[in-house]
Each structure stands twice: as C-alpha cells, then as structure tokens.
C-alpha cells in the first residue's frame with residue numbers, strides 16, 4: 001500500500017529547469033552571529049543547553065525553537081538509506097529537488113546490495129522521497145514486502161532553486177560568489193530569497209514528527225544525501241553548521257535508536273551507525289564533496305574474555321579472545337585499501353594486539369613480489385588513548401556494569417564522563433599532531449582504543465561537549481573514519497561511524513536491535 005503526502009506544484013524557472021516547490025517553514029531571521037550559540041544536547045539527563053562563545057562558532061549548533069520530539073512507547077529503530085547512484089550523480093550535475101535523473105546500472109546494483117544487507121529485517125513501514133531516484137531505490141530494497149510505503153514530500157532532496165540542473169563548473173561560472181558561499185558556508189547560503197539548508201533542517205524536523213508518531217518500531221527511510229544528513233543532525237541536536245560533516249554516500253545506511261524515557265517526553269536518541277556503504281569506507285572517494293589527503297581511522301579493539309563474561313570491555317587488562325583476533329585480522333584486511341602512515345594504540349593488551357596485526361599486514365602488503373622490500377609502519381603506544389583504567393575504577397563496588405547498548409555512556413555518573421572527556425581531549429590533540437606531519441602530503445593515522453574513547457574523540461571532532469557522549473554507539477571491532485579535506489587544521493568530516501560490514505559473519509547486523517524489548521518498553 002502506498003500513501004501520499006500533498007502533491008507539490010511545478011515551477012518553470014528562468015533557466016528552463018523545472019523543479020518541485022513545496023510549502024515549507026522557514027526561519028524569518030538568521031541567528032545573530034554576535035550572540036552566543038546555543039547547543040541542543042541529547043543526553044542522559046535530558047535535553048540540555050550549552051552556551052559557547054562566538055569565537056567557538058565554527059562548529060557550534062543553534063537551538064531550534066521547536067516542540068520536543070514526540071515520546072515513544074517502546075524502543076524504535078530507524079534505518080536511513082540514501083538512493084543509489086543517479087544519472088546526474090554520474091554527470092556531476094546539481095540535482096537538488098529536481099526529478100529528471102534516474103538510477104544508473106551502478107545505482108540499481110547498489111540498491112540491490114542494500115536490499116541484501118537489510119533483507120532479514122522485518123520493517124513495518126517504509127517512508128520514501130517521491131523523487132524517482134529515491135522511490136526506485138526504495139522499491140528495490142522493499143522487494144516483495146507487503147507492508148506500507150509512504151511517500152513524504154518533505155523527504156525530497158534540498159531545494160536549490162536556480163542551481164538545479166547545472167553542472168558544477170556552470171554553477172561556479174554563472175553564480176560566482178553565491179556558488180562559493182554554497183561550497184564554504186552552506187548554512188548561510190542564500191539563493192532566490194531562500195536559505196536552502198535552513199529550510200531543509202525545518203523539513204527534517206517535521207519528518208521526524210511523522211516518523212515517530214507512526215506506530216511501527218522498525219522503520220526504513222529512503223531519501224537523499226542532504227536530507228539524510230539533516231535527519232541525522234536534527235535527531236541528535238546538531239544545527240545547520242553541521243551540513244556536509246556527516247557523510248551520506250550512495251546507498252549508505254545509517255541507523256538511529258530511539259529509547260523511551262521512564263518519565264516520558266522526548267526519547268533518548270543514539271546514532272548507532274553512520275554511512276555503512278556497499279563499498280569500502282576507506283577506498284578512494286570524497287568527504288563533503290572534497291578529496292581528503294589526511295585521515296584518522298578509529299579502530300575499536302576486538303573482544304576479550306572479559307567481554308564475554310561482563311558484556312563490557314573494561315574488566316581488567318585482558319588479551320583478545322579468538323573472536324577478537326579474527327576481528328582484528330578482518331580490520332587489517334580492510335585497511336589494505338590504504339597505505340597507513342602510522343598506528344597508535346592504548347597500552348592495553350587488546351589494543352596493542354590489534355595494532356600489531358594491522359601493522360604486520362600493512363608491512364607485508366607491498367612485499368608479495370620477488371624483489372619487494374617490506375614497508376615500515378611506525379607503531380607506538382600512547383598513554384592518552386587509555387581510558388580503560390578510568391572505566392574500571394568506576395565499576396569497582398558496583399554489582400552491574402552497563403553493556404555496550406545504544407546510549408550506554410548515559411548510565412555513568414557525570415564525574416566519570418567528565419574524566420573520560422578530559423582524557424579524550426588530550427588524545428584528540430595528540431592525534432591531530434600526529435596527522436599534521438608536514439613531511440608527508442598524505443597522512444593516514446590509525447588509532448586503536450576503547451569504544452568510550454573513540455566516542456569522545458568523535459565529540460571533539462564535532463566540537464561538542466561531554467553531554468553528547470550518549471548520542472553515539474560503537475561495537476567491538478568497528479571502524480570510524482574521519483577525513484580532513486581542508487588539511488589537519490581544518491574541521492573534520494566523519495565519513496562513517498561504527499562500520500562493521502568487513503567483519504562478515506561476525507558483525508552485528510545493521511538492523512538487529514541490541515536493545516532488550518522488555519527493558520525499553522513503556
């Protein structure tokens with residue numbers, strides 16, 4: 001069954017490009033650049049406001065004055081998928097909300113891979129953009145399912161008005177300064193009297209209300225690059241300044257877990273994974289539309305014996321178990337797509353073992369021929385990457401340690417999260433120093449550590465505060481990729497979070513909830 005939201009009108013623009021125009025809510029006045037930015041935090045203690053000075057506004061987030069998210073009665077999982085490659089993607093043409101492109105053969109193949117990735121999930125409903133490239137992707141993924149498909153006009157791609165239909169070099173030549181602003185300051189980009197990114201954020205927020213009010217507990221959403229970015233950002237409380245910071249590749253899959261609060265109100269929201277793609281996340285490609293020669297890859301060590309016993313990787317300095325060793329080898333194989341410059345790790349045994357496996361595979365990769373000489377990869381331990389002792393001290397005297405479920409860091413006391421945050425700040429600065437080696441034009445640094453540390457490192461990358469620690473999730477053996485398209489002194493762009501597809505049969509399926517249904521039901 002397919003249901004429709006109101007039909008858009010068609011407008012013929014001056015450049016003869018027809019595009020969709022929908023009724024949208026816009027902000028009448030932009031936030032004052034001189035006033036402190038207010039950040040909305042989705043945290044364990046509820047939605048909070050954190051003030052930052054104007055000097056820190058580079059990646060600050062404005063607090064939208066909107067009604068809270070609707071409450072959920074039981075744990076809900078929302079899976080976002082971007083459409084497959086389209087003909088205009090292939091041509092490098094600006095699509096926006098126009099509806100002239102269709103999936104290429106590669107795009108159809110990507111959608112089929114996503115279907116197989118999600119085939120075992122019992123989705124109860126599919127929300128999709130009405131644009132052909134997205135609708136076709138949704139139909140391929142949905143397959144023979146009989147459940148409802150809802151086309152929602154607010155899920156269309158960002159409205160780019162006069163830009164739509166132009167090749168990128170044409171946009172640059174025709175619009176000059178406006179096109180440059182779109183590239184470097186999209187949040188404040190104005191065209192034809194509109195602020196497209198601000199409008200998009202308002203639409204995404206509106207979509208969330210309809211998604212959460214639907215009775216289903218497992219939801220598939222198939223849409224577009226920009227709108228999926230906006231859905232992720234608005235869910236975890238990030239403003240328009242984060243546009244192009246959370247990458248969405250063709251057919252990339254992102255997962256959000258929504259957990260009800262005992263007291264009711266807006267649910268806890270955790271980004272379980274970001275941009276799990278049909279192809280390798282470390283292969284050549286762009287981040288935020290730009291090539292990146294500097295990269296940090298965060299690798300969570302494999303499981304240890306203590307993991308199996310406690311469900312939480314902080315019960316002492318333990319070596320990896322057999323499953324952990326297998327996962328570390330799988331990670332090393334994935335990273336063969338790169339020439340790693342250096343590997344740093346926590347001094348804990350599981351981290352050192354993981355780093356050693358990666359370095360050995362990297363060093364042997366170029367030595368498969370007769371006359372080859374092994375390549376040296378610098379590997380070192382870094383005390384700043386060690387948070388296990390902090391977490392271990394927190395568990396002393398307690399009868400239960402929270403397992404690695406979405407939002408598990410919310411369960412810790414503020415004093416502990418503060419200690420983790422402080423330690424991770426030192427670690428982040430050390431990693432930036434490591435990747436900023438001027439002797440090499442391209443630098444790929446692999447950091448091996450505990451999931452709690454890597455979650456905090458992502459927070460520092462995004463210029464957040466410790467209140468966001470519960471908004472992200474990482475599994476043992478996962479990787480997270482941070483690119484620096486503007487160099488190590490520029491802002492980081494997160495290419496993927498909690499990528500586990502390389503683990504094969506030992507990975508946690510994208511759509512299998514790690515939540516206990518009874519525990520998180522109201």
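Using N, Cα and C of the backbone, Cβ positions are placed for all residues, glycine too.
Now, the feature entries from TrEMBL:
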ACT_SITE  83  active site, tele-phosphohistidine intermediate
ACT_SITE  157  active site, proton donor/acceptor
BINDING   82, 83, 84, 85, 86, 87, 88, 89, 133, 168  substrate binding site
COMPBIAS  28-46  compositional bias 'Low complexity'
REGION    28-54  region 'Disordered'
Whole-number Å value of the largest CA-CA distance among 82, 83, 84, 85, 86, 87, 88, 89, 133, 168, listed as substrate-binding: 21
Nonlocal neighbours by CB distance (under 8 Å) for residue 82 (substrate binding site), same chain, sequence gap 6 or more: 222, 223, 224, 225, 228, 248, 249, 250, 251, 252
Spatial neighbours of residue 157 (active site, proton donor/acceptor) that are distant in sequence (at least 6 apart) but have CB under 8 A: 95, 96, 97, 129, 131, 134, 223, 224, 225, 226, 227
Neighbour tally for residue 86 (substrate binding site), based on other Cβ positions within 10 Å of its Cβ: 25
C-alpha spacing of residue 83 (active site, tele-phosphohistidine intermediate) relative to residue 133 (substrate binding site), in angstrom: 6
Listed in sequence order, residues with CB under 8 A of residue 83 (active site, tele-phosphohistidine intermediate) and six or more positions away: 103, 107, 111, 129, 133, 134, 136, 137, 222, 223, 224, 250, 251
Count of other CB atoms lying within 10 Å of the CB belonging to residue 84 (substrate binding site): 28
